[in-house]
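These notes are about the structure you will find just below.
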Amino acid sequence: MRIVLVGPPGAGKGTQAVRLSEELRIPHISTGDLFRANISQQTELGKLAKSYMDAGNLVPDEVTIAMAEDRMGQPDAENGFLLDGFPRNVSQAEALDELLENENVTLDAVLDLEVPEDEVVKRIAGRRTCRNKSEHVFHVTYSPPKKEGVCDVCGGELYQRDDDSEGTVRKRLEVYHTQTEPIIDYYKAQGLVVTISALGPVDEITQRALGALKRDEDAK
Ligand code: AP5
């Protein structure tokens, strides 16, 4: 399956993507995680991306699309993938369509996670991310690690992301509304959007998502 996951910052895209990619046996491709890996390795791409990310802005399309295409071209993504955080504006969605067309494949669904704004603010404020692997995510109240400040999965140090400060989160939400939300209409026109509520316990949301994707597939 080829799926795009969309939703505001802090909606739980990364949290759900880890579970869904395991259930669906497709790789989880997060452009945010790829940028953070470049930042920790201090690559040129990482240095460039950090300045945009810390300000809550999108990293320029040219480098983002090239990075995403390179990752989607790796062997593990040949039979499908779960995209998290890409595409993030209409021109990225058009670039993805072009890439898929060249490969003679199509998207199966765009899973839209709906969460009220006051909830995403609470989720982001309490988020703690692993320095070793930004896919390992915790929350001080909703899903605390067994030992404070330590990742349950790999023992890495937990930290608060630089772009999770209050001012940056406000900017990220604004960017989401102005630049990312339009891709939902773009994909609605292609009949691909499956919307679910992302409120409630994490495992319940995973089951809700799997059920909605299955119903959508059966209806096609
Ligand atoms: P990215 O890393 O993609 O950030 P985001 O989209 O803002 O999403 P988040 O990672 O903040 O949240 P999430 O929805 O994954 O939530 P999570 O599962 O962590 O992008 C960061 C930056 O990189 C961008 O701002 C941009 O600069 C750049 N970038 C990335 N992609 C780009 C692109 N395509 N083009 C240009 N620039 C790009 O959950 C949040 C918290 O809530 C966690 O603490 C979690 O434990 C908790 N939680 C999750 N689910 C629940 C639940 N059901 N109940 C209670 N708590 C929950």
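Keep in mind that glycine also has a Cβ here, set from the backbone N, Cα and C atoms.
Unlike curated entries, TrEMBL annotations are predicted automatically.
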Which single residue out of R2, R19, R172 does TrEMBL record at the AMP site shared with T31, R36, N57, L58, V59, G85, F86, P87, R88, Q92, R161? R172
Of the ranges 30-59, 120-149, which one does TrEMBL list as region 'NMP'? 30-59
Please give me the CB contact count at 10 A for R127 (ATP binding site), counting all chains in the structure. 22
Three-state composition of the region 'NMP' (30-59), taking helix and strand from DSSP: 21 helix, 1 strand, 8 coil
Across the domain 'Adenylate kinase active site lid' (127-163), what does the mean pLDDT come to, as a whole number? 94
What count of other C-beta atoms do you get within 10 angstroms of the C-beta of R88 (AMP binding site), across all chains shown? 22
State, in Å as a whole number, the widest CA to CA span among the ATP-binding residues G10, A11, G12, K13, G14, T15, R127, V137, F138, G200 given in the record. 17
Most distant Cα pair in Å, residues T31, R36, N57, L58, V59, G85, F86, P87, R88, Q92, R161, R172 binding AMP: 25
